[in-house]
Structure formats: C-alpha cells, structure tokens
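Heads up, the thing below is written out as structure tokens.
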Amino acid sequence: MVGKLKQNLLLACLVISSVTVFYLGQHAMECHHRIEERSQPVKLESTRTTVRTGLDLKANKTFAYHKDMPLIFIGGVPRSGTTLMRAMLDAHPDIRCGEETRVIPRILALKQMWSRSSKEKIRLDEAGVTDEVLDSAMQAFLLEIIVKHGEPAPYLCNKDPFALKSLTYLSRLFPNAKFLLMVRDGRASVHSMISRKVTIAGFDLNSYRDCLTKWNRAIETMYNQCMEVGYKKCMLVHYEQLVLHPERWMRTLLKFLQIPWNHSVLHHEEMIGKAGGVSLSKVERSTDQVIKPVNVGALSKWVGKIPPDVLQDMAVIAPMLAKLGYDPYANPPNYGKPDPKIIENTRRVYKGEFQLPDFLKEKPQTEQVE
C-alpha cells in the first residue's frame, strides 16, 4: 500500500515537472521572438511623422496636426507686445494661440545646454541618444504641448517670448513654421518690466543699466536668428507701429502667414472669454492691459524714469536700439502719428471704460520669465 502511494506521488511529480518544463520552454521561445522583433532596426520614417488630431465639436471638424503644418511662433523680449500680438491673432476665428505654456522655452533651453556641452554630447551619443533621436522627441513633445493646451483650430500658434532664442532650431524641427519677432523700444520694455516687477531670469530689476544690457543681448540673439532663417519665415513686428496702425500691420502680417483677413483681429477686446476667442490667464502680467482695445497709452511711459547716467551711455549699453531703428538719444523718439480709431481708443482707455472682468480677477503671483 505504501509502495503504491509512493509510485503515485512520483508519477504526479513527474507530470507536474513535465508541464512546468513545457510551459517554460514555450515562454522562452516567445521571449526570444520578442527580443528578435525589438532588435530589428526601427523605421525612422514612422518616428518622423507624428500626427496629432483635434476635434472641434462646435464646427464638427477634425484637424490633423503634424510637424509639417504651418505653426506660428510669437516671441521677443518680455514686455514687447507679445501678449497683444497673440490676443489679436486669437481673435481670428481660424487661429488659436492661448496662454504662455512656460514649458516650451525651458525644454528648448535644456536642449541648448546639452548641445553646447561637448562632454554631455559625447555621453548622449555613447548612450545612443543622438541628435536625430533628440530632435524626434522634441518634435513630438512640443507638438503635444501646442496642440493639447487649448482648443483645436485650423492654425495653431505658440507665444512663449524666449522660445525664439531657439528660432533656428525650431525652424529645423518644424520646416513650415513661421515666426513673429516682436520688437519694442528697449527703454520702454525695461521700464515696463521694472515698474510692473516682472521677474526675468538674469535681469536685475534694481538696475536699468543691467536690464538694458540684458535686453540688448536677448534681442540680438533673436534678431540674428530671424535674419538667418530669412524674411520668408520670420517677420519683425515693431510694437509701436502695430499699436499706431493696427489694420495696416495686421493685414501685412496675415498675408505673411497666408491666412485670410478677418476684421475681428482689430477688436480682440470683444472676444475675451468667448468660445473660440481670446483666452487669458489670471496670473500673466499683461492680462489687465490686453482687455483694452489697441491704444498708445504705454508708448512713452518710460520717459523721465531712466537715470541720467544710463541715458548718457544708452548707445553703448544698448546698440541694438539703433539697429532696430530707434534713436538712442531721443527722449522720447517720434514713433509716429496714430490712426484716428486709435486716438479714440486711447481716449476711452483714459476714461476708464475698460475694467478687468470678474472671472479674471485674481491677484497675480510674482511671475518669472525664463
């Protein structure tokens, strides 16, 4: 009896062992097959054609977004009219820009840091993270952020001021993209950032001299890259001329972007908070200004605010002023005569007709632009 029990136990163990060996063998073959599949070279073509789709429920349309689409990038030194520019474009029914992402310039700066460090580049290459791999990843990442941080639209634009420090790189990633470089009198930009306490990485808000030096360096970098990609891809937009003659400049600008004219771009203030209109952030410093129609109230606020020693050295501190067409010794320069409609807008603004809507009333946090 005991002997028979031992035989049965031995037989059961043998069956279990056989089944286990068979299962492990099948599993090993499957793993080997998967490893072989993974070892096959990846078709780079598939990684280069990342497509995102967006559904516009109101218009019942689906849009396909990809690296070859005509993206629009708006940039410049902060306090140069980039928010006004994007608000005017956002008022166009076919264009969506939206608020600053803050992510895009940071990831671009990180990529620049990797490229500049020869040691880091060697490490990345050794790890198989080549320029081609990084570029493909950057394309997908940037497109994902631009597409998904707002509503779908036929044309998408991004407004992160310092993103244009990587203008030539963006032009390579998105070959059909176009760039709008906002240019403003550096004295006005610097006075605005100091008086409104807009913290910008590397700018000492206690020193007009330091801020003007940093302004000069930043705008020179972006201007040179704009010139490098050429006038067919990058357009300089002077803030002063945009607010003095908005219709003339918006018609020129939309023609450059190859987007049909729409009169709503001249009345962005009427589209704020509306579906498909202008979405504003409660914490961006320019929000309280772009709720107003285009006006010339901010053109010469800097006059009388800059220390005399800085004014005296202006041409040396900020040589880009002259290069961009501003007289470094005129206080203020003669920017030009505004259109009649702009004179009326400015009168209404001074009367206090335009106040911040309740849904945008929140004390802004200290904003740092990088």
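Residue numbering: from 1, along the chain as shown.
Placement of Cβ uses the backbone N, Cα and C atoms for every residue, glycine included.
Values in this document were obtained by computation on a predicted structure and should not be read as measured data.
Per Swiss-Prot, active site, proton donor/acceptor is recorded for E100, and the stated evidence type is similarity to another entry. The 3'-phosphoadenylyl sulfate binding site annotation in Swiss-Prot covers 79-83, R184, S192, R196, Y239, 286-295, K301. Residues annotated as disulfide bond in Swiss-Prot: C97-C157, C226-C234. Residues or ranges marked as region 'Interaction with peptide substrate' by Swiss-Prot on the basis of experimental evidence: 102-106. Annotation source Swiss-Prot lists topological domain 'Cytoplasmic' at 1-8. Annotation source Swiss-Prot lists topological domain 'Lumenal' at 26-370. Annotated transmembrane segment per Swiss-Prot: 9-25, in sequence order.
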Long-range Cβ neighbours of the region 'Interaction with peptide substrate' (102-106) (under 8 Å; 6 or more residues past either end): 142, 145-146, 158, 160-163, 165-166, 370
When distances run from the Cα of S286 (3'-phosphoadenylyl sulfate binding site) to each of the recorded positions E100, C157, C226, C234, the nearest one: E100
DSSP three-state assignment for S192 (3'-phosphoadenylyl sulfate binding site): helix
Proximal residue to R79 (3'-phosphoadenylyl sulfate binding site) among recorded positions C97, E100, C157, C226, C234 (C-alpha distance): E100
Where E100 (active site, proton donor/acceptor) sits in the secondary structure, as DSSP reduces it to three classes: coil
Separation of alpha carbons, C226 (disulfide bond) and Q289 (3'-phosphoadenylyl sulfate binding site) (Å): 27
Neighbour count (Cβ, 10 Å) for C234 (disulfide bond): 25
Long-range Cβ environment of T82 (3'-phosphoadenylyl sulfate binding site), under 8 Å and at least 6 residues apart: I74, G75, G76, K159, P161, M182
List of residues, in chain order, with Cβ under 8 A from that of C97 (disulfide bond) and at least 6 apart: I72, I74, R86, A87, L89, D90, G150, L156, C157, N158, K159
Nearest of the recorded positions (E100, C226, C234) to N295 (3'-phosphoadenylyl sulfate binding site), judged by Cα-Cα distance: E100
For C226 (disulfide bond), the one of E100, S192, K292 that lies nearest, given that the recorded positions are compared by Cα: E100
Cβ neighbours of E100 (active site, proton donor/acceptor) where a neighbour is any other Cβ within 10 Å: 26
Neighbouring recorded positions, C-alpha within 10 angstroms of E100 (active site, proton donor/acceptor) - of S192, C234, K292: none
Cβ neighbours of Q289 (3'-phosphoadenylyl sulfate binding site) where a neighbour is any other Cβ within 10 Å: 20
